Amino acid sequence: MNALTFVLAGMLAAAMPFLLAALGELLAERSGVMNLGIEGMMAVGAVIAFLSVHHFGTHTLGFLLAGLAGAALSLVFAWLALTLRANQVAAGLAIGILGQGLSALFGKSYESRTVAGLPKLSIPSLSEIPVVGGLFSQDAVVWLGLLATLTIWAALRFTKLGLVIRAVGENPSAARSLGYPVIAIRYSCVMFGGLMAGFAGAYAATVYTPLWADGMIAGRGWIALALVVFATWMTGRVFFGAVLFGAVSLAQLAAQAGGVNLNSQLLASLPYIVTILVLGVISSNRRLLKVNGVASLGKTYIP
Amino acid sequence: MSVLSAYRLVRRSSASRKVAVLAPLGALVATIVLNLCLYLAMGKDAGAVFHAMLVEPLVSWSSFSEVLLKMTPLLLIAQGLAIGFRANVVNIGAEGQFILGAIFAASIPVWFPQATGGWIWPLMLLLGGIGGALWAVVPAFWRVRLNASEILVTLMMSLIATQLLAYLLVGPWKDPMGFNFPQSVMFQMDATLPLLIPGTRVNVALVLALVVTLAAWVYMQRSFQGYQLVVGGLAPQASAYAGFAESRAVWLSLLIGGFAAGLAGAAEVAGPLGQLQRSVASGYGYAAIIVAYLGGLNPIGILFSSLLIAILYIGGDNAMVSAELPVAAVRVFQGSLLVCYLAAITLVRYRLVRVKSEVRA
């Protein structure tokens, strides 16, 4: 299997932790709330899913519990940021640190243990095409992730619900005077973000690399946050950004396996360096950010 | 929810000073109760853990001196970070700046292991500060010139710093006589900090941290620049009107924050560690974020919060030995403490008012 085939076959799976977490954060940010605790919610989702799969052997239950755990943590964040009007940055950081601590605590006696991953579901004939065929042979979560991307894209663009969420993020006071419950809508969006972060962590720990190691999320939650900015809050671009990062992390593996003589620490830093560079390029386009950005993002709303 | 929605938050005309002092204490009590419940659920003897964590560090001089040692980097880093946080410059990458400080300081004993003289450790501290500040140049430039969020860039720089440290320790800076452990040579005597209190590991860095605290207090209370930073954080438009450049606040905040964190990193390798090793990056940079917020972003408050978090670190180590409590429990405690604090300080700015008209079962 050459490097290109390898990257094409695996990039969607590698993209899932980024994609699921970023889609959730996208919705939260579209409603005007920035949750910096993604990394911690992913870490908790990862450990809960790993423990469930390890003990009960079912991924469905693992994902369900991981999603609930992520949502529960995001509920604490929402309570701080929305009900108690705490600083969103500080509240997000607090949840992030708490989540990473809980993850390390629960996972302590499972270090280096493994669980079984998920089987691939292939689309007949398409998956037999040389080179690109691997793209059509993915596990169930990848297929559901693609479906979720399409659904969120369509919901934000074409449905009334999407319009209301965007309105709440753009101008909460106006949305409220139209009779929409701003705080309740923000609560829902933030909790959806927590749910998705939980799924993202579950995928990372029980499907993509079904092995427990403390700190295994390794900054992917932060990259997901950056992806939302790269994508200038557009669903399609979140998807392409996530796949790009998936491909980069696989290319890194392929390079190492292929004996490319590059320092392993440099390779490990690559996603972070790329994030910094892309962030600089996208953010410097102030007009783009202003047009696509969310006007009330991160600001405390007082009804 | 129903309990809360029966109450409404009403903004106070001025922040309550009494609540400002009571809120952190209330948060601490709530956190202790919550975490003891967690330990009980884990099947631990909650009383023993409580004693090991919060009492033992204070009862003997030898363990209290370890608290002072632990407090030093937290205090240094948090004072630097708070300057930025007050100006809305959210530097969450102190961990990386700390690591760079450690690396820069270690360069002297690694490259000149034979050098002697009383000038070595002061130079190492200075180099450490410079290293930390240099690592903060990227996020400062990115925010000022490229409009990029310093939150994300400082964090990414920390993740890169961890890799850089790993590279040095398995590569060029690995001690050739170190049995292949990822660590540098042991530093020579003159490349370690003089001890402050004989019989303990407390070194001159504690004095430095206290001086920095005093300077931060004077800077915030008295100096014009401190005022500029506060105004820049509270009302960007007002400060722009007053002619204060936001970019200056960003540069100053990040460079000072980076310098302080780098200084702490240098003091860690030249102090208790005595060599550059992987464990130098043990999360002080993240814990200092908690210290800064917990201290109300006030230099004097930070003095107390750094002491508290240091007690928890030493107490956590005790509890690991005596009650087999995993180290991660300390991180859970820190995280939940910040959550409780953020909830409690709402009452500094708001009053809880009971909504009487609504009848709820």
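Using N, Cα and C of the backbone, Cβ positions are placed for all residues, glycine too.
As the structure is a computational prediction, the values presented were derived from the model and not from experiment.
According to TrEMBL, the transmembrane segment annotation covers A:6-28, A:40-57, A:63-82, A:89-107, A:140-158, A:178-205, A:211-231, A:238-258, A:264-282.
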Q.
Using a threshold of three or more Cβ pairs below 8 Å, and leaving out pairs closer than 6 in sequence, do the transmembrane segment (A:89-107) and the transmembrane segment (A:178-205) count as in contact?
A. no
**Q.** Residues from the same chain, set at least six apart from the ends of the transmembrane segment (A:264-282), whose C-beta lies under 8 A from its own
**A.** 219, 222-223, 226, 229-230, 232, 245, 248-249, 252, 255-256, 288-289
**Q.** Chain residues in Cβ proximity to the transmembrane segment (A:89-107) (below 8 Å; excluding those fewer than six residues from its ends, i.e. six or more beyond)
**A.** 34-44, 46-48, 50-51, 73-74, 76-77, 80-81, 212, 214-215, 217, 221, 298
**Q.** Leading stretch by Cβ pairs under 8 Å, where the reference is the transmembrane segment (A:40-57) and the options are A:63-82, A:140-158, A:211-231
**A.** A:63-82
